[in-house]
Number of protein chains: 2
Amino acid sequence: MSAPTKVTPISGFPELLPADRLLELHVLDTIREVFELHGFAPLETRAVEPVERLLGKGGDADKEIYGVTRLTGEESSRDADLGLHFDLTVPFARYVLEHAGKLHFPFRRYQVQKVWRGERPQEGRFREFTQADIDIVDAGELAAHFEAEVPLVVAEVFRRLPVGPFRIQVNNRKVPEGFYLGIGLTDVQGTLRIVDKLDKIGPEQVAAQLVQAGASAEQARLALALAEVRSQDLSFVEAVRGLGVEHPVLDEGLEALAAVVRAGAESAPGTLVADLRIARGLDYYTGTVYETQLLGAEEWGSVCSGGRYDSLASDGRTTYPGVGISIGVTRLVHLLLTRRGLRASRSTPAAVLVAVVDEASRRRSDLVAAALRGRGVPCEVAPSAARFGKQIRYADRRGIPFVWFPGAGEDDADQVKDIRSGEQVDADATTWVCPPQDLRPGIVTPAG
Amino acid sequence: MSAPTKVTPISGFPELLPADRLLELHVLDTIREVFELHGFAPLETRAVEPVERLLGKGGDADKEIYGVTRLTGEESSRDADLGLHFDLTVPFARYVLEHAGKLHFPFRRYQVQKVWRGERPQEGRFREFTQADIDIVDAGELAAHFEAEVPLVVAEVFRRLPVGPFRIQVNNRKVPEGFYLGIGLTDVQGTLRIVDKLDKIGPEQVAAQLVQAGASAEQARLALALAEVRSQDLSFVEAVRGLGVEHPVLDEGLEALAAVVRAGAESAPGTLVADLRIARGLDYYTGTVYETQLLGAEEWGSVCSGGRYDSLASDGRTTYPGVGISIGVTRLVHLLLTRRGLRASRSTPAAVLVAVVDEASRRRSDLVAAALRGRGVPCEVAPSAARFGKQIRYADRRGIPFVWFPGAGEDDADQVKDIRSGEQVDADATTWVCPPQDLRPGIVTPAG
């Protein structure tokens, strides 16, 4: 059997080398730890959904769906039209409907899985990527305090990661909706879509497009003025009030947004910012929406987004409103690798390489390794009884800090060498303590 | 927006409830811990491969491939024909070829991912399932001792899991190959395929099919006699020799298999069994092959399989021989859930529910929760300030063992109640120690 010789990457389907995957695992472990500390239950959903369930749920036309079909399926056993999920919220909403009778509400879950989108690949955008989501859903009514809790969980994740300063921007869709209605712009979705381009095309172009869509110059000016409002404290309420627009939906939105920003200022000062231009493309959001920027890497777009949805999961009798947020793990990790220059301190979990003196004594090295593992020290045994210089180089190339030499000391005692310092001392595999900072691969910053 | 009301499971695409997913996570964590203790580096490959790379690599015609296409892709931006991977070995071999220049050999990696096969769903067989693989590949030559190491790593995983007694069956493809050639049966693959049905159709039918395929009655008798040989020790060598067949490939196979069984007997007595009927369907195996049975659940098939492959990864200049083994995590977990009746002790990671006295004092409960989390105790805050009986029921339904009552003691002291025993005592969130056995969800057996 001969393999095809052409081996090429597929654009948009990233793969990492082992050391970079270790950094990604560190990010994933941190996320999971914080999610579990906050009592979110783990869940996975299948990778495929009926295409009809995916269509129309994504909002943006560019969230292209990948269809899935058996290549050799007989006609009679054809599956229904299936597609790969493009996010974890739509499948989760379906899961809630399907298993509602066996879940306890309010239901808190986290979910870390791959998703697929046929978008044009570009820096920070991929066709296959990992998302890490938390959501809280309830049956009938969802308490407002969950809308403040969800971004604070993410803030705790980001504080534990080497991402530097970040900002979670919060808005409530009811604010622009009520505001637009209050100034007589009834095409709320259309207006949001144009204002959403502010960062890309600038205020003049946005104003021009709004006028083109039927707004007066004054309406366009006010819509832009709303989008300019932002504050870390509650002053955004006065700023909006100062624009002189009145509408009951606006009042509702400002009150809800103020509650989230107030809770954020109490628990994590400076982290949550009311930013009235944030809208989110996905059309299932109905209230609070979130985006997250890493300061200095704003052009990568949001690394964590979400919001409240009131009617995504409904079986006609009961509605399950929810609020959730999703960390774009793949984008975040690529940013840490390519922009921040972070890397793992080694390319393997092994902290120790147990040298082999000669093939006849490999069993002795195996027993040393078993003793170390029994005490929680990751290690491997040298692949061959090469001369010690070569075995040390094997460890060095992988960043393994310690090499263990069976019987190298006096009276046949074992010795262990820290190959960074060169220090070599007598050691016993049943008592040796690996320095805690060397037990797992660490994260290395360019400076340190 | 209204959701489609029809919500139905998709056959072969299993989903778990939260408590069952917690059991699966326990299995996955155990697997990862053991793999890392043995110095395997983590890796993930993309979910898709070019279809031409997948075809012909699966051996069995029934490993039907799922093709993937963008539903709305323009003709000009069409992807090459892509399919979802059906195992992790074929993508890993491609990864090794693609990144060979950046990897250090011998290269040890583990990989835990979903795979997809369009097979007919039945008990223990799924169309989407998780595999957990380890492989060791080298450039040019692969040392034989790795063939003994790989099943012993899996034996350590299984000893740490509540799976009960198990048996790893080992064979070497060169044994039947050399044996068949020695008795004049030159269609080795065809003969293996018939003998592989022994468990399903019995020896008479196998003999009949062999004769139908051109074997003499005596050749069929000998082929069956070989398939009957098994032993925990090296006695299988004498048993095969006793059949009086000679061939250099047979000698080579017996010697390699003896080395694996000898290493197994030293390190994990009773775990590895030479079983000369094991062949494995996948046609990329060239030497040692493994299958694993849980005793008492043999009809579920192998829960962990693999083998040595010598030419799966070759770029025409260099060949990267490898040996690997794959745990069928989804099958294993379904077996533990449905046959062994195992379950997680609760349906959430939370060990504590912090009660809310009234909505005005929710902030106090949030601070208790933050203090507990800061000390590593997973917890959640009650969703509403319902009466305490209802809040306790909220915890009880989810299996959360402790409920925390802010200010319930004298002098406004907090109290914590173990809702299993009913014991309620004064406690301080900055010093309280959660009993270690309650910190994470445990695994509950039907007896306990």
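Every residue gets a Cβ built from N, Cα and C, even glycine.
Annotated L-histidine binding in TrEMBL involves A:Asp87, A:Leu88, A:Thr89, A:Gln131, A:Asp135, A:Arg280, A:Tyr284, A:Tyr285 plus, out of the candidates A:Arg70, A:Arg117, A:Arg120, the residue A:Arg117.
Neighbour counts were taken as the number of other C-beta atoms within 10 angstroms of each residue's C-beta; across the binding-site residues A:Thr89, A:Gln131, the minimum falls on A:Gln131. Of all Cβ atoms in the protein chains displayed, 20 besides its own lie within 10 Å of the Cβ of A:Arg280 (L-histidine binding site). According to its DSSP assignment, A:Gln131 (L-histidine binding site) is in a strand. A mean pLDDT of 92 is what the model gives for the domain 'Aminoacyl-transfer RNA synthetases class-II family profile' (A:27-349). Among the residues A:Asp87, A:Leu88, A:Thr89, A:Arg117, A:Gln131, A:Asp135, A:Arg280, A:Tyr284, A:Tyr285 said to bind L-histidine, no two Cα atoms are farther apart than 21 Å.
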